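Chemist: Swiss-Prot lists these features:
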type: BINDING; residues: SER14, SER15, GLY16, LYS17, THR18, GLU19; note: ATP binding site
type: DOMAIN; residues: 6-202; note: domain 'DPCK'
Amino acid sequence: MLELLKVSITGDLSSGKTEACRVFQELGAYVISADKVSHSFLVPHSHIGRRVIDLLGPEVVIDNTFDRKVIAEKVFGNLDLLQALEAILHPEVCRIIEEQYCQVAKERKYPLFIAEVPLLYEIHYARWFDRVILITADENIRRERFTKKTNCSDLNFYQRCARFSSHEEKMMHADIVIENNGTKEELRHKVEEYFYALKGAL
């Protein structure tokens, strides 16, 4: 019997992963975000920060703070540079997620442990989890969400999407698939259903 089910939420860009995680959290699950963890490492004078500066150049730091927009402009569209950055960040992100899981499991306060990991399959991390939930949405819907939220161009959307593995590959390996082409309320109902199903799996 598992003490605390490890669940990863993944999916393509702007599919609704973060919104699904928000609902899980409201229902009582513990939620951690790989993106937020990686952003927490971006401190100029830290060991990780210095490695990022060595890779991308000092211009990514403005007023003693990493400028994520400058970093994005450098790495999206340059796959080699992007993968080199990920090689610095991702092992540390996985370490933090696993440390946090051990801590949360000891506390015995939460019914589920949820980790939002956008590049779950790309970094070969799926096996660590007990279940994988894939959030999907049609490309035109995702593109519209992305451009509306970020004010970035369609080109920027496709550059970022290039880092993700194919939708078909993710569909093949996911345990649960949640389609998110509708409203936030529709997504909430679907997440609630799976929350109680997963909670009952313990």
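Glycine is treated like the rest: Cβ placed from N, Cα and C.
Walk me through where these features lie, including what they touch and how far apart they are.
Modeler: On its own chain, SER14 (ATP binding site) has ALA137, ARG142, ARG143, ARG145, PHE146, LYS149, PHE157 as residues at least 6 apart in sequence with a Cβ closer than 8 Å to its own Cβ.
Predicted-model confidence for the domain 'DPCK' (6-202) is 94, expressed as mean pLDDT.
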Chemist: Given the binding-site residues SER15, THR18, which one is most crowded in terms of C-beta atoms within 10 angstroms?
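Modeler: Ranked by Cβ atoms within 10 Å, first place goes to SER15.
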Chemist: Could you say whether, by DSSP, GLU19 (ATP binding site) belongs to a helix, a strand or a coil region?
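Modeler: Going by the DSSP assignment, GLU19 (ATP binding site) falls within a helical segment, counted as helix.
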Chemist: Any idea what DSSP makes of SER14 (ATP binding site), helix, strand or coil?
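Modeler: SS state of SER14 (ATP binding site) = coil.
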